[in-house]
Amino acid sequence: MKFVDEAFIDVAAGDGGNGCVSFRHEKYKEFGGPNGGDGGRGGHVFAVADPSLNTLVDYRYSRRHEAKRGEHGMGSDMFGAAGDDITLKMPVGTIISDADTGEVLFELLKPGETITIAKGGDGGFGNMRFKSAINRAPRQKTPGWPGERRNLKLELKVLADVGLLGMPNAGKSTFIAAVSNARPKIADYPFTTLHPNLGVVRVGPEQSFVVADIPGLIEGASEGAGLGHQFLRHLQRTRLLLHVVDLAPFDESVDPVAQATAIVGELRKYDAELYEKPRWLVLNKLDMVPGDERAARVKDFVKRFRWKGPVFEISALTREGCEPLIQAIYQHVRAQQQAEQVQEVVDPRFADDAASD
C-alpha cells in the first residue's frame, strides 16, 4: 500500500569561528610577528538513508536541527576546532525539497547513502594571514562565514507493514485510532471507512511500523462487490495481515465465524500468495462480552473457525490487550526487515514511476 508521509524541518549548519588577532611575545620584543589562528569550520548537517526506518514520524516531533559553530581561532598559531556535525537518519526513499520553492534538492534512494543537506561556514582568517613585507604587524581578522540554513520538506512514499482485514464495522478504525496517530471516521454503521487510512504506530524512539485500515470487505469483494475489492491489491506488499473479527455483533443473528470464513474465502479467491501471507486473528470488542463468558466464546470461535495461528483478544475501545499485540507486531515486522536481503530491484515506492518511463 502506497501513501505519502511528509514532514517539515528547519536545518542550520554551524557558523564558522572568527579569526584571531594575536602577536608573539618574545623576550625584549613587545610585539613579535602575528600568530593569530583561523576560526574553525562550522558543523555540517548530513542525511543518511537508514533501511530500518519506514516513516518520517520522528521529524514531526523535532523540527529544528542545528549543527555546532566552529571555535574561534587563538594565539600561538592555533586554529579553532571544527564544529560537530549532525547526521539525520531518514528512511530509504525520502525526497528532500525546498519548503519555500518546492524544488527537489536531494533523494535518498539507497541504504547507507549519505548527503550533505547544509554546509557549515568556513572559519574566518586570523591576522597571521595578512602578514606581508609591507605590513609586518597586521591587526586585521575576518569573522567566520555563516552556515547554510534551509527550510526543508521531507516526503516519503510509505509502504504499509500491516494491513487490517475484516467485515464492515469489525472495529478496524477504532483499533487504528487507538494504537496510532491516525484519526479515521468512526461510527456505528457499516462502511464507515470509505478510503484507506494510514497510521504510524510508535513503539519507541526510531521504532515504529505502519498499519493500514482497509475499507471493510464483504462477501464477493474479489469479484468487485462492495468497497473492498479495489483495495485488496494494496495488501500484497504488507508484511502481516491482521484479521479483525467482531466477537460481539449487535445483530445476534450474525455469526462471527461465518463472517470470518467469508473474508478468508475472498483472500483465497483473489490471490493465493496473499492468502498464504502471515495472518493473525484479532478478536475485538471483548468489552461487550461478559467477563465470565469470554474464555468460552473465544474457545468456541477458534474451534469452529478451525484456526491454528496466533490469536489476540482485545478491546480497541478500551485498549485492553492492545499493547501486547503492538509489541508482537513490531517484533514480527522487525524480524522480517532483518531477514530481507537488499536486492537491486526497483523500490516498490517508485514502481509506478518506473513502469511509466
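Quick reminder: no glycine exception, Cβ is built from N, Cα and C everywhere.
Pulled from Swiss-Prot:
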type	residues	note
DOMAIN	1-159	domain 'Obg'
DOMAIN	160-334	domain 'OBG-type G'
BINDING	166-173, 191-195, 213-216, 284-287, 315-317	GTP binding site
BINDING	S173, T193	Mg(2+) binding site
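Each of the binding-site residues K172, K285 was scored by other CB atoms within 10 A of its CB, and the lowest score goes to K285. For G166 (GTP binding site) paired with S173 (Mg(2+) binding site), the C-alpha to C-alpha distance reads 11 Å. Cβ-based neighbour count (10 Å, all protein chains) for S315 (GTP binding site) stands at 22. For the domain 'OBG-type G' (160-334), the mean pLDDT of the prediction comes to 77. A 10 Å cutoff on Cβ-Cβ distances gives S173 (Mg(2+) binding site) a total of 25 other Cβ atoms nearby, all chains included.
The number of other CB atoms found within 10 A of the CB of G166 (GTP binding site), across every protein chain shown, is 24.
Packing around N169 (GTP binding site) is summarised by its Cβ count: 22 other Cβ atoms lie within 10 angstroms of its Cβ, all protein chains included.
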